[in-house]
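J.: Have a look at this one.
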Amino acid sequence: MVLEEDNSKSKRRNKWILWKRYSKAIYLFGICVCCCSLLYWLYIYLCNYSLSSQLQAFSLNRETTSFKLMIVADLDKESRVKDDKKGRWRSILKKGELRKQKDGTFTIHWLEDQEIFTQLSEAGRGMELSALVEYHNRLYSFDDRTGLVFELVKGNKAIPRYILMEGDGNTTKGQKTEWATVKDDAILAGSFGKEYTNADGSIANTNNMWVSVIHNTGEITHENWTDRFNKLRKAAGCPYPGYMIHEAIMWSDIRRQWVILPRRVSKEPYDEKEDEKRGSNVVMLASEDFSSIEVRHITQITPTRGFSEFKFLPQSNDEIIVALKSEENEEQQTQNSYITVFDLDGHILLSESVIPGNHKFEGLEFYHFCCVC
């Protein structure tokens, strides 16, 4: 009996010695695990920090505030990577900083370019990106040739997430998406809002007057906006056979209004060559159901330049617009883009400033550098 008690005490003593020997190591290991977990979740938080609610305004000094932005190019036929045996298409991402001065005006400082690639195309064309939109902390861009919707991720990757078909969706051609915005927790992506006409001016179809809706469940539905686009034309004084070309439409939750910056406005019928010189300086404010439309003329008009994208400046109460304008010359095979800032009362805060690179930029979004490419 005494021997059994001694053995029991000896076992307990040995366990205590072992615990003292390894407890410090276990304790340190636990601390390391906790620290690593904390750092991991901190990294996830920073990289998924809400782009929409905390958009990157930080003070450089007492006089300047900076907003980080990215623009994306539609290179048209130049998107094909020449002499590439894999058959790739590319687009260009350009980063920049928009800096607010003490007097309320802005300057722009451009940073490095990045290229993104895909092997997906339609009839030898692809990666002709139009529009950038942040949705659920992801950055999306839209190929106006194939109808593909790409998510842009780190590593200069474009991951196809959706495909939008033109018209009511029951067609075999990808939607020529030119603009996208977020409303009621869904992405609305639309084309240029004009009938497709034959050489003699007759209407072939109205597929480009439909809008695709990407819901938060991933479901895609389609809305016929023909009546809405016709109301905009009528308000601007250019009903059919006059026309408008749309590449910049945004919904404002703050204003509860649609804000529309047409790229082209013409009282004359569509003419492919003359269209290049029908740029617009029109800003339209429409009620949610388009029953009320206000037309304003803002910025100096340059006939060869038209709005290709805009976003509301973060923290401006949707009163200040940062817009891209682009111009094309088919005969000379040239492209150029410009950035401008103005408020909805018509005050120019940054005159049209040429964007380096001689490309046609058609997408713009404000963002955190750590969240994308």
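Backbone N, Cα and C define each Cβ position, glycine as well.
Please treat TrEMBL annotations as automatic predictions, because they have not gone through curation.
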J.: TrEMBL has SER130, GLU247, SER308, GLU362 down as binding Ca(2+); which of GLU166, GLU178, GLU195 does it also list for that site?
T.: GLU178
J.: Would you list, in sequence order, the residues of this chain other than SER130, GLU178, GLU247, SER308, GLU362 that have their CB within 8 A of the centroid of the site's CB atoms, where the site is the one recorded for Ca(2+)?
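T.: Apart from the listed residues, the neighbours are ASP74, ALA131, ASP144, TRP179, ALA248, ARG263, GLU309, SER326, GLY363.
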J.: In which DSSP state, out of helix, strand and coil, do we find GLU178 (Ca(2+) binding site)?
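T.: The three-state answer is coil.
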